[in-house]
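Everything below concerns the one structure shown next.
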Amino acid sequence: MTQQIGVIGLAVMGKNLAWNIESHGYSVSVFNRSSEKTDLMVEESKGKNIHPTYSLEEFVNSLEKPRKILLMVQAGKATDATIDSLLPLLDDGDILIDGGNTNYQDTIRRNKALAQSAINFIGMGVSGGEIGALTGPSLMPGGQEEAYNKVADILDAIAAKAKDGASCVTYIGPNGAGHYVKMVHNGIEYADMQLIAESYAMMKELLGMSHEDIAQTFKDWNAGELESYLIEITGDIFMKLDENKEALVEKILDTAGQKGTGKWTSINALELGIPLTIITESVFARFISSIKEERVNASKELNGPKASFDGDKKDFLEKIRKALYMSKICSYAQGFAQMRKASEDNEWNLKLGDLAMIWREGCIIRAQFLQKIKDAYDNNPGLQNLLLDPYFKNIVTEYQDALRDVVATGVQNGVPTPGFSSSINYYDSYRAADLPANLIQAQRDYFGAHTYERKDKEGVFHTQWIEE
């Protein structure tokens, strides 16, 4: 008897996705390069419709045609090697789905290569971590739409469900569109986390709040417009005590790790010429956190103000909340502008409002305000920037003074706020009809004869700036 779908790669994500698929009534073949993981899967899957295989030949032959194969192997060379090993065993029309943490450019390359062999290829972003993989992730599949339609029922079944019952999956676009959108999702995630961390720093360093009060603050915030998974878990984190009944989070080494997708997002923004300042500052913040020894030494050598606050703490805490929400809006405005530009350049025809909808559940950045983004693009599909939508425009107009005060107070007290600072600088730059770039153009023309345009007349000009 043949199985309906196969999964290659039985690390935690692959294993949990296989179980998720099986739980929705599908029969699943599984294969792993090391047989030990396959044996463990068998042991853990008793009573489930999971079919183990111990060679690629056995695996491929166990699947009904056209074969549907989900690859959950390490991104990069391992994925290429697995595809190369599979190709001689596959038939025209079979479908490969790469669900790994893959660079979208690799997906574009593989899509082109496999098109020559009549093998359908889907590059699919998977968000939600190991729990989401098991209970329902947010899925971002890109590739041939015809191939997507053949696996849509399975993906629809296993995806997270929003409160209105909609599945958090949609066809994203051709070739690398799915993995691209997942990359930007991860970049936005970096910014969300950094902005929350800066809010915590203000509460701790400036307001002197206890971990119990910080936990309650995040729980309160989660009941309002900031409602989101990351705000929710932040409240939980501050309630967790260690073996000495002290806040565990305060014992964790302050060096933030990363897998590189935030960096990919920033590099791509540079290539596109898109100002992605908040996400990029969040990447840099992780970099500077990683040089712990240097920072400890510098703290003994470099002077600065000692944090102190003698104002109304309740009032300032509300300003932090407003600063966080406005900065979050600015970050998403940048991320969606980046996806808009990439869609134009690659002819992906991304439906930006739909992307917000599939992020409502299952993924790390799930949040109440994503519905507002969907509404913005429904009202104006050609919207250039989220800040120009009436809802978001009203919020940032009302909240900007709070953000300015938080940033200024942080600077005056030596509390670093790279994300908040970048947000207000982006806002002010974006709303500026005139920027001092005219001087930069004059400098470029002075030393390099790069020429310039003028406001008052047509044409391209070069000036001899000093008399010989």
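Heads up, the Cβ atoms here are built off N, Cα and C, so glycines get one too.
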Further NADP(+) ligand in Swiss-Prot, beside G9, L10, A11, V12, M13, G14, N32, R33, S34, V73, Q74, A75, within candidate set N49, N61, N101:
N101
Where the record says G9, L10, A11, V12, M13, G14, N32, R33, S34, V73, Q74, A75, N101 bind NADP(+), what is the longest distance in Å from one Cα to another among those residues?
21
Once the chains shown are all counted, how many other Cβ atoms turn up within 10 Å of the Cβ of G9 (NADP(+) binding site)?
24
Rounded distance in angstrom between the Cα atoms of G9 (NADP(+) binding site) and Y190 (substrate binding site):
27
Relative to the Cβ of M13 (NADP(+) binding site), which residues of the same chain, six or more apart in sequence, are found under 8 Å away?
M72, G99, V126, E130, A133
Taking only the Cα atoms, work out how far R286 (substrate binding site) lies from E189 (active site, proton donor), in Å, as a whole number.
13
Per DSSP, three-state class assigned to R286 (substrate binding site):
helix
Hey, of the binding-site residues listed (N32, S34, Q74, N101), which one tops the CB count within 10 A?
N32
Please report the three-state DSSP label of H185 (substrate binding site).
helix
